[in-house]
Amino acid sequence: MIIGYFDGLCEPKNPGGIATFGFVIYLDNRKIEGYGLAEKPFSINSTNNVAEYSGLICLMETMLRLGISSPIIKGDSQLVIKQMNGEYKVKAKRIIPLYEKAIELKKKLNATLIWVPREENKEADRLSRVAYELVRRGKLRDIGCIILT
């Protein structure tokens with residue numbers, strides 16, 4: 001069974017802070033990690049939910065490149081998980097294109113998305129915080145996804 005975790009944050013304020021994300025994939029006896037910058041720092045579109053969706057998209061794009069199918073994907077954002085599972089509607093205009101891309105990737109992967117409490121998502125959270133610190137120090141400037149392992 002292949003399991004992926006994603007997380008996002010926007011600090012020091014939400015919206016309008018630095019939106020970063022992290023993800024981890026457990027693939028057989030390997031661990032693949034990644035993180036990234038979701039949006040231009042301190043912009044109106046820099047939000048926690050944009051970061052969460054960006055982390056999910058980056059995770060699923062990485063899974064597709066690895067040829068993974070039918071993964072279980074876990075995240076601690078109830079909003080994102082419930083929107084992706086059709087339980088909540090997507091209302092925020094800035095989220096709609098991210099949601100549509102994520103749904104397309106979910107279908108391609110045949111992925112199952114499950115909400116988990118924050119305590120079960122520590123690795124992805126840690127990676128989103130690593131990305132945040134790199135942005136703060138000027139070492140991560142480009143929006144996008146970085147695969148670490």
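Any Cβ shown, glycine's included, is placed from N, Cα and C.
Quick look at what Swiss-Prot lists:
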DOMAIN    1-140  domain 'RNase H type-1'
BINDING   D7, E52, D76  Mg(2+) 1 binding site
BINDING   D7, D125  Mn(2+) 2 binding site
BINDING   D7, E52, D76  Mn(2+) 1 binding site
BINDING   D7, D125  Mg(2+) 2 binding site
DISULFID  C58-C145  disulfide bond
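Overlay of Swiss-Prot feature records on the structure.
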residue	record	CB count, 10 Å
D7	Mg(2+) 1 binding site	30
E52	Mg(2+) 1 binding site	28
C58	disulfide bond	24
D76	Mg(2+) 1 binding site	21
D125	Mn(2+) 2 binding site	19
C145	disulfide bond	19
Would you list the DSSP helix, strand and coil counts for the residues of the domain 'RNase H type-1' (1-140)? 58 helix, 35 strand, 47 coil
If the Mg(2+) 1 site is taken as the center of the Cβ atoms of D7, E52, D76, which further residues of that chain fall within 8 Å of it by their Cβ? F6, G8, L9, F21, G55, G75, S77, V80, N121, A124, D125, S128
Once DSSP output is merged into helix, strand and coil, C145 (disulfide bond) belongs to strand
Given D76 (Mg(2+) 1 binding site) and C145 (disulfide bond), what distance in Å do their CA atoms have, once rounded to a whole number? 20
